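To start, the structure itself, in C-alpha cells.
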Amino acid sequence: MGSQWDLKEAFVSNLNGTTLQEVALGSLIGPLCYLLRGLILILYYRAKGTLVFPHPKISHLLLDFSVLTLPIVLASTVLSSVLLHVTVGLVAVSAGLCCYVNSSPCARRRPNALGAFLQSHVKFRQVPFVTLSRVFVNVITAISILAVDFPVFPRRYAKTETYGTGVMDFGVGAYVFVNALVCPEARRRDDPGSNLTKQLVSVWPLVALGILRLASIKMTGYPEHVTEYGLHWNFFFTLATVRVAASLVFAVFPAGWSWAFAVLISGSYQLALEYPGLKDFLFHSTDRQSSFIHANREGVFSVLGYVAIYMAGVQVGLFLMQPRSRVGQWLPVIVKLLLGSLVLYVALCLCQNLLEPVSRRLANLPFCIWAVAQSLLFISCLAVADGVLLFSAWTSDCGPLPSSWSLGASGKTCDEAEHCLVQAVNRNQLLFFLVANVLTGLTNSVVDTLSCSSGPWIRAQASHPLLSWKVLASAGCRSPPTEAETTERSPEPSGEKPNPRAASGEVRTGRRREMDRWKGRVALVTGASVGIGAAVARALVQQGMRVVGCARNVDKIEKLAAECQSAGYSGTLIPYKCDLSNEEEILSMFSAIKTMQQGVDVCINNAGLAHSEPLLSGKTEGWKNMIDVNVLALSICTREAYKSMKERNVDDGHIININSMGGHRMVPSADEHFYCATKYAVTALTEGIRQELREANTHIRATCISPGIVETEFAFRHHNSDPEKAAAVYESMKCLKAEDVASAVTFVLSAPPHVQIGDVQMRPVEQVS
C-alpha cells in the first residue's frame, strides 16, 4: 500500500499547468450548459404549459446532471483534447435553440421589443449569476478533486508544483473569490463589530473540518502533497483564516476600501517575495521540523494572497449587490465586469513579463490577478447567459426559470425551483464540499485509480455528484424562510380594538386572501414619488402587485423601487417619468404600459396640488394648473385605464381617486377655496364614473378616498413661501400618516368583488372639520 500511495503522490507532483487561453475557454462550458438547460425548459413550457416535469425529483435531477454536470465532466477529461470543438458545438446548439425560441410563431411580437425588455423590471432575492458562479465552482471543484487521481484527467489541468496555471489552481482562487461576493460586508449586513463576532463563530465548522481532515489523513496514511499547503495545513484552515483576517480589517476600516487593501496586501506580499530569502525558503527549504511555520510555510504565507483575493471579491460584491430593478440597469454591470476582466488580464501579462509567472503555491501577485480576472470573466459569461434566457422567457411568456431572474412582469413563481439542483448545492455548499471530499477519499481507498480505465472512471465520476446531491436531498435542501419572507407573512399590527375574529386571525386572513387575487397584476399610481403616492406604491408592491409609479421626477421612485427590492417584496415598482399636466405624456405613458405590462388593472389617481390663489385675487395660471392636474389628469387617466381594461376583458378592475375632506366641505381659508373646488369635482367625478360603469354593465369599481390632514410634503409645497405656516399645520395636531391612507387603499382593494365602497372619509381624531 505504501508504494501505491507513493505512486499516487508522484502522479500529482511536478506539474506545470496549461495555458491561460485553455482555462478561459474551459470556463465557457458552465455558462453554455446553463443556457442550454434554460432553453430546454422554455421549449418544454411551450409544449406543456408548465416547467415541472413528470416525476420531478427524478426527472429534474437527471436533466440537471445530464445538461449541467456531464458536459463539464466530459470536457475536462475524455474530451479535453477537443475542448475547442466541444465549446463551439455547445455554442452552435445553444445559438440554434435560442434563435428558434425567439423567432418561432409562439414568441410574442411587440413593437420595440428590445427597448421594452430593457425597461422591464426584474425581481430576485439573490443575484442569480452570483449564485450560479458559486454553485459551478463547487461542482467543478468536486469533479476535479476526484478526477485528478485518474489518468483520464489531463495532467495539465491539475495543480501546478511551482509556477503555472492549472484548472484546479483557478478553482482554489475562485472558491475564495465567489464566497467573498456574498459575505456580510458585501451585502452591507449589520455593523462591523457584529460581523466580526459572527465570522469568528461561523469559522468553527471550517476549523473542525480542517482538524478532521488532518486527523484522517495522518491516521490512514492517505497520500498528501506536502508542497501544496504543508504538513498540517489544508484548505479548510486557509478559508477560516482568510475570513477572520478580513473581518478584523473590516472591524476597523469600511468595506468600501476593500480594493485598496487587495492591492496593498498583494503588492506588499509580492515585494516581500522579490527580496532574497523568502522565495527560496518557500520553494527550496527542506526543513519542516524547526517550527510550525517551517512545517506549513506554503499554507501560512499563501494566506496573504488569498486575503487579497477575498478583499477583491468583497469589492465586486459591493458593486453587484447595489439595488437595481430594471433589466437595462444590469447591462452596464455586465459590461463593467467584462472590462474589469480585460484590464486585469492586461495587468497579468505585464506582471508575468516583468515579475514572475503565476504561482498558486506562493499565491503571488500574478496568481491573485489571474484568479480575480478569470472569476470576473466566468461571472460575466453566466450573467450574459442569464440575460439571454430572461429575454427568451420574456418573448415566450414563460414563467421564471429556476436559478434565474424573474421578470417583475410575471406574477408567477417557479415550481421547478424546489427540484433544482443548483438551489440544492447553493443552500448546502459547505456540506456539498465536505461530502465531495469524503467520497473522493473513499474512492481513492477502494479503487486503484492509476490503472483504472475510462469506463469504470466514468461510472465513478457520474456517481460522485449524484451521491453528493442525494445526501443534500436527504439533509433537506429547502432553506428556511428569509427575513423578508417571514416579515411578509407575519400579521401586521392593527389599530382596531381586538375582537374574537381578529384575535384568531380570521379577519386579516380573509383580507389577505382577497388581496391575493391582485398578485402579479398591474396598478398605476400617479404622484408616486413622495407622500401618499409613495406609501400606496410600497404597500401594493408588498402585496405582490406590479406598480407603475409616475411623477415628473422619478429619482425618488427609483430609490423606492430599490428599497422594495432589497426588502424582498414579492411585487415590483416600475418608475415612469410623466408630467400629468400634459395629455400627450399621459397617453404616451399608457402606451408604454400596454407595451411592457399589457395594461392597467388598478388605477390610483393620487397626484394633486394646491396653489394659494384666492377666488377674488388669484392668478389664472395657478387655477389652470390645479384643474389640469387635479381634475383633467384624473379624468384622462381614468378614461385610458378603463379602455385598457375593456381591451383585455378585465371586468374586476378598480379606479381609486385620492380625494380630500376638502372635497366634502369648504375650508374657511381663501387660499384653499379653488383647491377645494377641484376636490368637489373629484367627488362628483367619482360618482359619475361609478354610474357610467354600471351603465356599461361592468363590475369595474370606483372608489373615492378622502383623507383629512396628512403629514406629507403637501403643506410645504402649498405654502412654499411660508414654511413656518406649513409646519404649523402639522404641529397643531397628531396628523394622519401617508401609511394610513395606503392602508385604506389596500382595504378597499381587499373588499370582495361584489362589494362597492363608494367613499372613505378619514381624518385625525383632533381635526375639527
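Just so you know, the numbers here start at 1 and follow the chain as drawn.
Every residue, even glycine, has its Cβ placed from backbone N, Cα and C.
Copied from TrEMBL, the annotated features are:
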- 23-46: transmembrane segment (TRANSMEM)
- 58-76: transmembrane segment (TRANSMEM)
- 82-101: transmembrane segment (TRANSMEM)
- 135-153: transmembrane segment (TRANSMEM)
- 201-221: transmembrane segment (TRANSMEM)
- 233-253: transmembrane segment (TRANSMEM)
- 259-278: transmembrane segment (TRANSMEM)
- 299-321: transmembrane segment (TRANSMEM)
- 333-355: transmembrane segment (TRANSMEM)
- 367-394: transmembrane segment (TRANSMEM)
- 477-513: region 'Disordered' (REGION)
- 486-499: compositional bias 'Basic and acidic residues' (COMPBIAS)
- Range from 58-76, 201-221, 259-278, 299-321 with most C-beta pairs under 8 A to the transmembrane segment (333-355): 299-321
- Item | Which of 58-76, 82-101, 233-253 contacts the transmembrane segment (135-153) most, counting Cβ pairs under 8 Å | 58-76
- Long-range neighbours of the transmembrane segment (259-278), counting only residues six or more past its ends (CB under 8 A): 249, 253, 301, 304-305, 307-309, 311-312, 315, 355-356, 362-365, 368-369
